[in-house]
Amino acid sequence: MANPTFTLPARGATPELKLSKKAPKSPDAFVVPVLKGEEGPELPASALLDDTALRNVLNSLTAVGATGKVCEVTRIPAPEGVAADSVIAVGLGDPEELTDETVRRAAGTVARALSGMKAVATTLGVFGLAAAVEGIALGAYNYRGIRSESKDNGNGNGTVGKVIFVSDEKSATAEFETARITAEAVLLARDLVNTPSSHLYPESYAAILAEQAEEAGLVVEVLEEKSLKKGGFGGILAVGQGSERGPRLVRLSWTPKKKAKKSVALVGKGITFDTGGISIKPAASMENMVSDMGGSAAVAATVIAAARLNLPVKITATMPLAENMPDGRALRPGDVITHYGGTTSEIINTDAEGRLVLADALAYASEDKPDYLIETATLTGAQMVALGVRTSGVMGSEELRDRLAATGRSVGEPAWAMPLLEEQEEELKSPVADIRNAHPNRWGGMEFAGLYLSRFIGEGIEWAHVDIAGPSYNTGGVHGYTPKRASGVPVRTFLALLTEIAEEG
Ligand code: BES
Ligand code: MN
Ligand code: ZN
């Protein structure tokens, strides 16, 4: 199945992560946490600094005006007797208000300040090892794309070489490994999303996913155009028909060795580029539509990580992949298409293409009768109008919807429950088909898309739809552990929820 012809043209740089019981020999820097006390900065006891060093570092920090406020980074020369070139303090703020998210953001912020160093050791993990590992790995990530060597700026890969987490706690190894695998999953999703559509299109994307998944021991299935036609995947074919590069449907399945109690279907939108099709988008910012496969990248990275973590839950991830282009053969407004399972849609707007490919995938995934069906997509601009660019909109069965949104917030991937709207049932009706793919006004665009999708969920299946149009791709500035471009949202939410589901009776 794996096809060596297709590989990612570039990966984001990321440091090697290590766990160690004691301080390594002469790293470039020690990275230590500093708290904001009532009377200035406070330096917690540290395995990297003895009492004298601790006092000296605190004196220097105070002298240069460090306060310990959240994400404040202060670098000082290492005092005598400290086996590193410098000490870098990162603020965690008021200890009473300290959360995992504070540690993650502070770790992400300090990680960027380490760019160019070979190796550093840190005790940030004493305030949450998993959060520190995730924050460092996610914050240090640096994607530089595809460049000619001669035009390279010669500053290396823009990140730190190695980060050693110093901890002598018994439970540290398992926590460290889980956090490392989780972070790697987020980075894989980011790499996929950051890859330009010149290099990532349905055929190459399917091959790259197949290779990654096989390495993790998953069962891989790729449907090419002929099988999609035979199977009646009319939504995926309709969206893909305007592109020279035909659509695919990828399935990755994880079955734990010991019989799992619960089964989960994951579904993710995989539009490798969205021009809008015949209902073409304006030119401004269209380049951001390289990210329109963020949902599929997240679910693929999630199922691969679930296998690596050996999670005792059965997971099947289904990813419909297509490129939405305008062309002589492209889908037209007014066309009627027949989805997998038989439901017909009237096309009002070819730019509402995500729901068309998802409709097939949701109906297909429903056939397995999973306990939970969780789908995510960069589905609507309306998501950003309603919730801003960092908070995902979650729709679906009440219980799963609320639970998923709460899980997102608990891991620092903000998410909010949104309703399906009764008045939009009427707007879903078409004079020439079962339903139509867009409604005639500007109100509740995210909810309308959710309602459209609800028609393809199998009877009685608990489901959730997560609209990540804003949160999956950062078009603003760097913040915390979130770089520009791909964020990898909502991989950590999904892994946290699956870990919980695996523990359910
Ligand atoms: N991929 C877009 C949604 C999107 C827009 C994601 C901006 C991220 C940033 C989606 O396919 C789309 O075009 N949706 C339309 C739907 C409309 C035509 C009913 C939208 O939101 O405008
Ligand atoms: Mn679109
Ligand atoms: Zn789209």
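From the backbone N, Cα and C atoms, a Cβ is placed for every residue, glycine too.
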Quick check on the annotation: TrEMBL has LYS269, ASP274, GLU353 binding Mn(2+) 2, so which of ASP292, ASP368, ASP371 does it put in that site too? ASP292
Residues sitting near the domain 'Cytosol aminopeptidase' (349-356): Cβ under 8 Å, six or more positions beyond its termini, same chain? 235-236, 238-239, 269, 271, 274, 276-281, 292, 322, 324, 326, 330-333, 337, 339, 377-379, 437-438, 449, 452-453
Per DSSP, the domain 'Cytosol aminopeptidase' (349-356) contains 3 helix, 0 strand, 5 coil
What does DSSP say about LYS269 (Mn(2+) 2 binding site): helix, strand or coil? coil
Rounded to a whole number, how many Å is the Cα of ASP351 (Mn(2+) 1 binding site) away from the Cα of ASP274 (Mn(2+) 2 binding site)? 8
Cβ contacts of GLU353 (Mn(2+) 2 binding site) (under 8 Å, same chain, 6 or more positions away): VAL239, ILE271, ASP274, GLY276, GLY277, ALA322, ASN324, LEU331
Cβ-Cβ under 8 Å from ASP292 (Mn(2+) 2 binding site), same chain, 6 or more residues apart: which ones? LYS269, ILE271, THR272, PHE273, ASP274, ASN324, GLY354, THR378
